[in-house]
Amino acid sequence: MNGVTNDKGHSDVTNTPESGISTPKKKNPKSDKPVKVKNPNNAASKAYTVDLKIQGTNNSSIVSKRSVERLYKEKHDLEFFRHFVKKPQRRSPIINRGYWTRMEAMGYCISAALAEKAPKHVIVNLGCGYDPYPFQHLHKHGLTENLIFVDVDYPDLMQIKVDTIRRSDELTKLVGEEKPAAEIKDKSVLMQTGNYIALSCDLRDLEKFEFIFRNLDLIVEGDNNPLILFTAEVSVTYMFQKDADNLLQWCASLPNSRFALLEQIIPAGTEHPFAKTMLAHFDSLQTTLWSVKKYPSIPAQYERFTCLGWKEVSGISLAQFWDSYVPDEKKEFVENVEAFDEWEEFLLFLNHYSIIYGGADIFQNSKSEYPEHEEFVLQCEKPTSEAHRIGAAACSFQNGVILNGGQAQNRESTSLLLSLDSTDEFIVDKNNMIARQYHSLSEIEPGVVLLAGGRSSPTKKFSDCHILKNGLWKPTFDLPEGRFRHCMQGTLLFGGSESKDQWLHFSPTAGWKALKCDFHYLTPYGATLIMKSPIEGILLGGMDAKGNLGKEVYSVTISEGETVVLSLIPMKSPLIYARYGAQGVYHGNRYLLVGGVSYDILFNEHNQVVELDIKKGNTIPVKLPFESYPLLVSHSVNIVRNCLVVAGGGAVCFSFGVFHSDPEVVGNRELKVIKEQRPSEEVKTEINSTVISVEEGTLESFPAAYVNATPTIFRNCDIGPSSELWKSHDYLKSNIGEDTKVSVHIADNKNLNFQSKNFSYQTLQFGELMKLISDIEADSESSKSAYLRSLSLDNPKSEATDLCKDFPGIARDFKLPKEMADFIGNKVFSTPLRISSSKTQIWLHYDVTANVLCQVTGSKRVRMYHPRDVVHLGFPAGESSSKIPNIFVHESCAQAYEVVMNPGDILFIPPMWLHAVEPQTESISVNCFWKDLDGNKYSKTKDIYGNKDLASYESGREGIKKIADKFAGLPADIKEFYLRRLAEELKQM
């Protein structure tokens, strides 16, 4: 192997267009694959092809490092990768942060060597690729005879690097004046200045390598030996093991030498999901990592260095380097560069890389703590599964676990039921929730599930909450602020991203309430809350804004005064339970901690699940004999029928691929994965003759009714003296004005219908209207109807009616209860006055705005239907009024809801709920409509009634017409075939 090139960090193809550099690969004009060059020595041909593949790992690596350089450049830094990468690309945050840490670790080692006193410092980069470490440090330290950088790699690659330096005035100035070719003693030296040497050499030929070093006066006899630091950043691992070890041993034999080795490790073995994915990635590229299997861990690397002659050795994982050797100010700088929430993937990556330093003790050696308790075993079964979701939320539900959202191939908004009962069905109406992950699900009462928060990206967090009940998701009270990575048990929520109030309690009728806690938990992001009961549990782990892990365990007690009391629990082996993103349950009288990630330990099959014995302060390993090695990050854990169900989970394993964990159930039970099924519209063929009473509520529960979009009747409310004063026609005529002109619906029948227009609009004086109603009421045989729905008196064609403005003489008599008025606030759109004769039915219709109907005098029957039944109740396309003549006698498959309103009763009617009214007596009522969506969501045309459909629906209808027009000219049956297919596709959206 001729030289060594630092690694390829990505699986994407590396070629000339990506790096902008001439590649040393020789190509077949008909193929992108490297040509197996026919050498005179056929035995060398295969090795040469492998060498080409190893050289190819450089291109993508430097594209990633260039991405880091552009984004993470500090104030006085120069951009050196730009000379080698002509077409920069922005990598993902996890790739950027991973490479930043690698570069920072290698820079730390170089700085440590330069800080040692020595007559001269020589920094030798083995497998340098296009790394610009010489330029960076020469820019920092300047040209000096006491500092030399030596870059070593394949001849073709080094020639490109030298040519690039020579073309750049900036780089030429940094490295200094070149020696004339005639003065260079060895042709392997492609470039030499007083501070820089570019060298191509076969590192297996150590005798030749040493000869070159001596010719360059890099090795001298006596006491004036320079300090030589050899660096190898994911490079010598591509050499055959014996050759790599010989190189390390030769370096150790040199006086005053150091070695900084950064390469992969597999501390949890080859079967760990991340390790397995990583090794498969490099094998697929035919760039096998030869060192990692013989030296899989930091202790193994220690032994390697010691056996090869290094008297002092220190080393840590890159996770420990980030945790302990990256200063807080640098961490803060990195945090502010780009949004980031891939901590599980980041720590998995860092735990699979080590930085080993031979020749000096520059790292405080860290030993992972493993408890020496005997582990106990739980039985486990694995289902066949399609439940591959990363960052999904889950909770117990029915006979299993409901799994919502998360990342599969795409981010999901749907749910799955992982059931222990093979006969279960999972019928859930389509929801309009935004796809999300890292939210919470909690069963707040049997069969009722609360979804809270989450995010789509680290910068887009959600505050919306939803309740699943009877197969229907409904919105409920929003969180006080958006949050994700929180934990929730029952109705108790803790922590999450940038949460002002750490502890919240949820009530279905009152919403979220902040709980008091005298102790501010320092690491609330991705912490673990395990509740033994609704008022007792433990809290541990998590992370703060600087990336520090919580290393304490606290008992949690909820007092009667709605105060959270935290008390420190003395525990041993903090490295075992100091975790981010772990899940926990109380099962079999045990606190179980499952999965998560840490800086100090890459959790394996023996310690990724532990029992926390809070009485003795011990952690006890729990063996779960999974059929395959699960990756217990971004997962969920729940108890169902005394069985432990582990669901979801997995990670994007840096650039090496994606690993998904299959669900597991502990307890020898089979688990069935059931996808969401929509309620079938076709089954609604039988007549539904049942009528359900509208739910009653208290004024305190009005906000809950609103956020849950639940029709609710509020009885006997204080609406002012109007319910008494407005009984008198004389009072009304006196205070409105007998000659005030109003527009009235007049009909010779009792069933008014907007579609058939079986009424007329007549302008009457108010006194005439009241006389007409009196006459109708006096004649029990009369079939006439009179109905006033007030309009604006000043601008009836352009303004919505306002009770206070249009009827100031009586408006003072009426008031909304304070609870409602305060909640609605200044969003009121219209307040129409309604006066009608008895039995005057108003047609079935819907309003796009929420409203409350306040009954002032008389009584009124109201019939309502859920918005989803609009397809069954005679609504023409683009119309908000039904064609059904009399909905009160109409036979339908839709479920009806009814209520009879009396004076002082107030009915909340959510947007889009279909409703019709039938006064039982002469009736007066007041509506209050308010707009609760952004203004641009409503129709752009004038809408004084508030019943114009939303702008998106109007736009959608135009789009449908355009789609239908595309099928013009096709036979009718073919057109119908495809339009029906499109209609079905719309239903699934």
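Heads up, the Cβ atoms here are built off N, Cα and C, so glycines get one too.
Owing to the predicted nature of the structure, the values given are computational and were not obtained by experimental measurement.
Per Swiss-Prot, the feature S-adenosyl-L-methionine binding site maps to R102, G127, D153, D202, L203, E233; the stated evidence is similarity to another entry. Cβ neighbour count for R102 (S-adenosyl-L-methionine binding site) (all protein chains, 10 Å cutoff from its Cβ): 26.
According to Swiss-Prot, the compositional bias 'Polar residues' annotation covers 12-22.
Residues or ranges marked as domain 'JmjC' in Swiss-Prot: 805-947.
What Swiss-Prot records for 1-42 is region 'Disordered'.
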Point to revise | For D153 (S-adenosyl-L-methionine binding site): DSSP state (helix, strand, coil) | key: strand
Review point. Among R102, G127, D153, D202, L203, E233, listed as contacts of S-adenosyl-L-methionine, what is the widest Cα spread in Å, to the nearest whole number?
Key: 26
Check your understanding: Within the domain 'JmjC' (805-947), how many residues are helix, strand or coil going by DSSP?
Key -> 25 helix, 51 strand, 67 coil
Review point. In which DSSP state, out of helix, strand and coil, do we find E233 (S-adenosyl-L-methionine binding site)?
Key: strand
Revision key, fill the gap. Top of the binding-site residues D153, D202, E233 by count of other CB atoms within 10 A is D153
